[in-house]
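**Q** According to TrEMBL, the protein has these features:
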COILED    124-168  coiled coil
COILED    340-374  coiled coil
COMPBIAS  416-426  compositional bias 'Basic and acidic residues'
COMPBIAS  463-472  compositional bias 'Acidic residues'
DOMAIN    1-257  domain 'F-BAR'
DOMAIN    333-410  domain 'REM-1'
DOMAIN    474-535  domain 'SH3'
REGION    416-475  region 'Disordered'
Amino acid sequence: LKDQFDNLDKHTQWGIDFLEKYAKFVKERIEIEQNYAKQLRNLVKKYCPKRSPKDEEPRFTSCIAFFNILNELNDYAGQREVVAEEMGHRVYGELMRYSHDLKTERKMHLQEGRKAQQYLDMCWKQMDNSKKKFERECREAEKAQQSYERLDNDTNATKADVEKAKQQLNLRTHMADENKNEYAAQLQNFNGEQHKHYYIVIPQIYKQLQEMDERRTIKLSECYKGFADSERKVIPIISKCLEGMILAAKSVDEHRDSQLVIDCFKSGFEPPGDFPFEDYSQNIYRTISDGTISTPKQEGMRIDSKTTVGKAKGKLWLFGKKPKGPALEDFSHLPPEQRRKKLQQRIDELNRELQKETDQKDALIKMKDVYEKNPQMGDPGSLQPKLTETMSNMDRLRMEIHKNEAWLSEVEGKVAARSDRRHSSDINHLVTQGRESPEGSYTDDANQEVRGPPQQHAHPNEFDDEFEDDDPLPAIGHCKAIYPFDGHNEGTLAMKEGEILYIIEEDKGDGWTRARRHNGEEGYVPTSYIDVTLEKNSKGA
């Protein structure tokens, strides 16, 4: 290929163009991965509603499974971002840097080849000039010889003319000899440079171009492999995401969901009783008897029964409208069973707060004792206001607990009484026994139920809205507990050292991070107690 310099120039340029073409392909693939991950995250965000403040609402296994699938899909989107990042760093970035270095090296080798060709052309011009000059001097010497011979044979020529022609012949012959020697030297020099050019310089330059092109081919092979490795590295984590989706699907329990519906909407109301017989024949056969039921009373009973049935239907029907009204402190606006649950939950919360205040009181007392024994550590009197406040809070909480326990006892007593009456054989129990008032409270006056105002109901889709509001936030990462945390305060989450939790909300600058266990329990933990890893690598842990 000694004479194919221009073709090799075109080939090496084609190699660089192909390298940049592949780099462009990788760049577009990276954009596809990034857009795919972004669309997946938007999809997860769209179908993962905000967390409802009502943590006590039931969690259906089908919904929990769907939210777990969304979390796994969010982690899957993170792995697509990892693929894009790995391709961008390992393949595209490397290709662009190598392309720049390749262009610089190619330019240097081609310049060396052009310089060698220019030097050979210069040697050839010098040799050609000396050759032409030698040829011209030879022709001049031949003319001088012919002139001398003509004058020497001419009898009429003078001796001076013959001598002059002889001197001219000698001069031209001498100059021809000098140019001959110059031409021979230039020819020998050109032949040497030409041999050096085609057997030493150009082969060396071509070898460097060949090595450069082979390195380019090797680099392309490495990038092809890196392109596939970027995808292969995340396959185990993606497999874990898919396995998590399968486990979420297997965790769906239809019986548990049905039981949650029952527990959520169990009202505790009694079914409506039998309708009494209304004897309209009394107007025809009117007699005076102690057992006769008067017409006005029958009318009242008729209205009362229908009204009772209507109210019972409104409260017992699973997907019926919910009463809308101001929430009362004793939850008397709720059905008995729901009221009992709410009261029990409030009592549990108050007991936790009381325990917290008790722990704080014990700590203050211990600190006060330490200050009394070691005055240099602090003033015991400075703790008295805080201790007084804590004692006041404890008294207030005890009163609240006592009040709610009284309401709870009242509800449980009524539920027990209703259970006893349910087995009674009294046909007219709807008239004599107690009823639920329109507001959901218990009353013994049947006429109050007839004259009560009608219930105001919410929109039929309120059940669906409340169900959708109870959706968990997607996990944005995970964390590992560096230290144990008790989590006695309300809203906090206890954790053990080394425990792995999902991160659902970052630290907003207050020193607390919102986390969630695998069982769905959520709360805040101290940021300084955990080692946080966000988004992409969360699934790999």
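From the backbone N, Cα and C atoms, a Cβ is placed for every residue, glycine too.
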**Q** Using DSSP, break the domain 'SH3' (474-535) down into helix, strand and coil residues and give each count.
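**A** Helix/strand/coil tally for the domain 'SH3' (474-535): 4 helix, 29 strand, 29 coil.
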**Q** Count up the helix, strand and coil residues in the domain 'REM-1' (333-410) according to DSSP, in that order.
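**A** The composition, in the requested order, is 72 helix, 0 strand, 6 coil.
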**Q** On the 0 to 100 scale, where does the mean pLDDT of the domain 'SH3' (474-535) fall?
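**A** 88, rounded to a whole number.
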